[in-house]
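Q: What Swiss-Prot records for K10, F58, R86, T92, R104, N114 is ATP binding site. Here Swiss-Prot flags H117 as active site, pros-phosphohistidine intermediate.
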Amino acid sequence: MTERTLVLIKPDAVARGYVGEILSRIERKGLTIAALELRVASEEVAGSHYAEHAERPFYPSLLEFITSGPLVAAVLEGPRAIAAFRQLAGGTDPVDKALPGTIRGDFGLEAQQNLVHGSDSVESAEREIALWFPALSSI
């Protein structure tokens, strides 16, 4: 069964020149890029995307970071796309949790600026795709 997921290549990865490497890893994994856009996230979109963290102490710095510069938003498709990308990304904390060979394990330096975001469930993917790519929404 084909699944869709939202991936964000965050501003730190764009600034450090890792977009090509990350997209290459996605393609080598066998996932299809169904949509891709370079953009600067608005505070409104960023706030909606990270709404579940609104009461957390790191929320203001998270919004500041994700809106700080260009990012790449993409919709990936493929069998078990959500789990496949999350495996490719590695653990959220690049130093303590991400294994070598993963995007975060190879290039990440700290937990908040951890290069990429990938949806964590089918429900999250549907919500996030609707937010970032309304024309592709199935909601």
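Placement of Cβ uses the backbone N, Cα and C atoms for every residue, glycine included.
Give me the local environment of each listed feature.
A: According to DSSP, R86 (ATP binding site) sits within a helical segment. In sequence order, G118, D120 constitute the residues six or more apart from R86 (ATP binding site) in its chain with CB-CB distances below 8 Å.
Proximity of H117 (active site, pros-phosphohistidine intermediate) to non-local residues of its own chain (separation of 6 or more, Cβ distance below 8 Å) is seen for L6, V7, L8, K10, given in sequence order.
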Q: Does DSSP give H117 (active site, pros-phosphohistidine intermediate) helix, strand or coil?
A: strand
Q: Secondary structure at R104 (ATP binding site) (DSSP, helix/strand/coil)?
A: helix
Q: Please give the greatest C-alpha separation between any two of the ATP-binding residues K10, F58, R86, T92, R104, N114, in angstrom, as a whole number.
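A: Roughly 22 Å, rounded to the nearest whole number.
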Q: Least buried of the binding-site residues T92, N114, going by other Cβ atoms within 10 Å?
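A: Result for the binding-site residues T92, N114: minimum number of other Cβ atoms within 10 Å at T92.
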